[in-house]
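Novice: Handing you this structure, nothing more for now.
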Amino acid sequence: MLPLWLVLAGLLLAVGPAASHRGEMEPDSLASGDDDEDSDGDGPHGDRSEEPVYMHRAPYWTHPHRMDKKLYAVPAGNTVKFRCPASGSPSPSIRWFKNGREFRGEHRIGGIRLRHQHWSLVMESVVPSDRGNYTCLVENRFGRIRYSYLLDVLERSPHRPILQAGLPANTTALVGSDVEFFCKVYSDAQPHLQWLKHIEVNGSSYGPDGVPYVQVLKTADINSSEVEVLYLRNVTMEDAGEYTCLAGNSIGLSYQSAWLTVLPEEELVHEAETSEAKYTDIIIYTSGSLAVAMALIIVVLCRMQTQSSKQPLEPMAVHKLSKFPLIRQFSLDSSSSGKSSTSLMRVTRLSSSCAPMLAGVVEMDLPLDSKWEFPREKLVLGKPLGEGCFGQVVRAEAYGIDRQWPDRAVTVAVKMLKDNATDKDLADLISEMEMMKLMDKHKNIINLLGVCTQDGPLYVIVEFAAKGNLREYLRARRPPTPDYTFDITELHEEQLCFKDLVSCVYQVARGMEYLESRRCIHRDLAARNVLVTAENVMKIADFGLARDVHDIDYYKKTSNGRLPVKWMAPEALFDRVYTHQSDVWSFGILMWEIFTLGGSPYPGIPVEELFKLLKEGHRMDCPSNCTHELYMLMRECWHAVPLQRPTFKQLVEGLDKILAAISEEYLDLSMPFEQYSPSCEDTTSTCSSDDSVFTHDPMPLAPCLFSCPSGRT
């Protein structure tokens, strides 16, 4: 048996060199106390206990499966972290490159965080300028490896908080039970949330100013999911009522409400039994009614079939022209072969002593509408005012169209077909006429005054706007530049102030609010389709070309006609779906036109690039003359989610407050002025989307403003 001291000496000799060797190759790794998610063994020596010990080794990736994602597409404002966990012997170093150049903290506003012990690069609050190719280079004296990431930063539109639809939801509960209301909030800026309960004070739910009385139940910044839930324990009858989730950030407020109904247990059971009995009765009565209705329909159809086999088809007397089918396309060279189809109206060739023959058009024998019919002989046509896709507009004098003054001539505008019009063009003009008949008089739309449908070509008589369309009205009142000048004697009379521009926006919003109330989608709202009267009243035109949507809330355009691309909402542009919300988007573009005095939207951007930018969330910048409040209104109109855009009613209310608060400031027409890109002229026809604005012209600028002189009213 060996002495104890000899055994211990042998152990020391065996263990000592190995321990000493390990101490040279594995220095202690640095701790990371400020990034818990990185403390997972990704440090330069975090996994050393699981790997064999090498005296010398080139760098290698320790967690390659965590580096599969090469492309990072993140919204602006987020934090981005790139990681290249590696190891080697001796311990390698890591450097970062952006687009081929070494990347340091001073190269970026806001700086960067390089965590060498965790092989990571961290960038907080990324912005579009951070886009690029990021490469990590890991090396020691035995070799080097590299890996690249591609970062794309998507711009976000600043917006008020978005609340998830349907939350909070109406709830019915028993006395003594527990209730939870949920409210999901989406917001880029730090949101604040309050849960409110609506209460009564002195028997009234609203104060003298129309603001409801509420009790604040819960309020906090949203830092956890707990804040988005309202818990009501052991509810009583007094807890019944309306509850509101109110969320706000630096941009604005959003809220949604729900009702809590509290019932005694016996009442709930009774209601369930009563409801079941009612449903049974409804099913019985409905089934019987359907059986009787089906029998009647079968009898009527059989009788109609019998009569149609014995009698020739007679022309139908229908009041609404939209009930008539479209007549087939007519050609001068067509023969009367079996290709013709039966029409529900008498078809004749258009011929009139006061108008040339229209090529390729047959005339519909339209029924007389005594409410709107105007004697053709009392209409004196004048000079042309312009033309559109299928018709032309001429100035005219209508004698006696104002029934209060039967002998007085009123200046009007008359819509008629062009010489090269087709059957479809005639049907479109009739459709526009019928749409306008459905509208009541409104100050901010072009109103129908009369029609001429008998003994000649179709004339649609509408209000006359002396100052033309809004786009040209604004451009004619721009400050002079070397490339864009006008008569200096007109400056004082035509001088615009900031309040005038807001008034233009407000009036158009009022007109669209009315059209929205009549379930009319415009589909082509732009400054070129807003007319200006001699009294500077804004009137929306060409809404008759819109589709009436009584049954559905959207209209899908299926034809491949040319479209006003720059004014179209993304859902209309990419999916061809038109709603009142897509009109709101176009209204935002129109606002931009107004505050740039008729500038062309997205100047210098090709169509293909515009599609890409819209999908990425890019929006036009704020015009110089536009306040932040008005620009945020534009941005709300350009919200990517249609239902998150304001309604025209909300726009009118907001603009009314802005208009009442602002002072009148004139455009400074005496100072040097940068051009608005007058070379970026749009086509005069609303049919064309092939617009020269998509050439690379300079960005339009806006004029300076100065306080209006005293005496301005």
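Every residue gets a Cβ built from N, Cα and C, even glycine.
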Novice: Which cysteine out of Cys84, Cys245 is the one Swiss-Prot pairs with Cys183 in a disulfide?
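Specialist: Here Swiss-Prot pairs Cys183 with Cys245 via a disulfide bond.
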Novice: Among the residues Asn202, Asn625, which does Swiss-Prot list with the feature N-linked glycosylation site?
Specialist: Asn202
Novice: Going by the disulfide annotation in Swiss-Prot, which one of Cys136, Cys302 is bonded to Cys84?
Specialist: Cys136
Novice: Provide the number of Cβ atoms within 10 Å of the Cβ of Cys183 (disulfide bond), excluding the reference atom itself.
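Specialist: Summing over all protein chains shown, Cys183 (disulfide bond) has 23 other Cβ atoms within 10 Å.
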Novice: Go through Asn170, Asn202, Asn234, our glycosylation sites, and report the one whose Cβ sees the most other Cβ atoms within 10 Å.
Specialist: Asn170
Novice: For the domain 'Ig-like C2-type 1' (59-152), provide the mean pLDDT of the predicted model.
Specialist: 87
Novice: To the nearest whole angstrom, what is the C-alpha distance linking Cys136 (disulfide bond) and Asn234 (N-linked glycosylation site)?
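Specialist: On Cα coordinates alone, these residues lie 58 Å apart.
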Novice: Between Cys245 (disulfide bond) and Asn170 (N-linked glycosylation site), how many Å separate their Cα atoms?
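Specialist: Distance (Cα to Cα, whole Å): 13 Å.
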Novice: Could you state the CA-to-CA distance between Asn133 (N-linked glycosylation site) and Asn202 (N-linked glycosylation site) to the nearest Å?
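Specialist: It is 66 Å, counting Cα to Cα.
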Novice: Closest to Cys84 (disulfide bond): which of the recorded positions Asn170, Cys183, Asn202, Asn234, going by Cα position?
Specialist: Cys183
